[in-house]
Amino acid sequence: MKPSQRMHGLVQHINAVAQQLGLDMLTVKKEYIFRTWVTISAPLTYAVFGVYWGFLEARRHWLEGIKSSIMLGGLVSGSAKLLTILLRHTPIRDLLHFIIKICEDYEQRGVDFIHALNFGIDRVYKIQRIIFVGYSITFLIMLLMPLVLLFYKGIRITVMPYEIPGLSIDSNIGYGLTYLQHTIPEVVGGIGFYLGDMLVLLALNQIQTFADIFQLKATALNDALERKEHSRHVCNVGEYNDFNIQALLMDLINWHQLFVDYCELVEKIYDNLIAAQVFAASVSIVICLCVNLNEFDLISAIFFLVSAYSMSVYCIVGTQIEFAYDQVYQTVSCLSWHELSCEQRKLYMMMLQRAQNMKIIVLLGITPLSLGTALQASELDVCFGNLLAKNNI
């Protein structure tokens, strides 16, 4: 398959997932259908019932109050994903079409560009499989474990960490209705988490693909500059051959400008979503650690894995993007710029200055999106959780 066909299939897959939630990403006009309102109601019901139940439980004992708020981070990150998709539907749709168009244009420029595009698409598919398997396993466990405990041990626990006022889980009808109500936000949340992550990580991974294309263009320019240098030793006096250097340089500069604009556009669209995802996951890790260090709680243990898993994926991709920025800068620095003319050197210096001052993705203007941030957050989470547990606050 051509890279454009593979990318089109990936985008169609993401859109098919979005349509399950009533959120068609490729439609020109955004429409609110029944499934859209069900999706919107999922975080609202958890916010109402969860906050109310958490307040009641906190009045009885502080640990019960914390238990009821273990999924508060999921509420924040899920709401951020939903709001981003609803409020920035048009730029997200245009971004998806732009990614497909780039694949269509550059698959016609030779085997090297096809290889770079396919390598980037393979990278997205690997992340897609990791995310799909991770979310499927954890959310299925959260849905099935209450039923397993009920049938085999007679223990009644809820899927979500709250009970519906007026429905007692001690009765069969009350427990059944509570389980059904909890299933809706759980399923919607699982699909929504997967959808939001795929949209963000697809856009972020194209930065690495664009960096690879930049390197191919820079290699073509460098080869022309080396031929120019070699020709001085073999050509006659007065002969001159430009080796198409001006066109190759302008093509490289234009692609670098597109690379910079694309990075800024992705950050503008998904900045709040990424920040909410990482910080909410960090808060959820603290809460889950605090609960499990006092006494083991199954739901918080599973959600701890979900939070740590999602935060790690984002931060690892952020680190790879930093490597892509370094790759672009090193590629620009290694050009045989001494073979350029005076006017061409001025253009080269402008590109070099932009490459030196690339704007990295920063979470709420505080810390960069990188694996180092995930490690620092994890260390703080463990220290804070241990502190709460030891002091029995």
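Each residue, glycine too, has its Cβ placed from N, Cα and C.
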Matching range for TrEMBL feature annotation, transmembrane segment, among 322-340, 360-378: 360-378
Leading stretch by Cβ pairs under 8 Å, where the reference is the transmembrane segment (68-87) and the options are 32-56, 130-152, 273-292, 298-317: 273-292
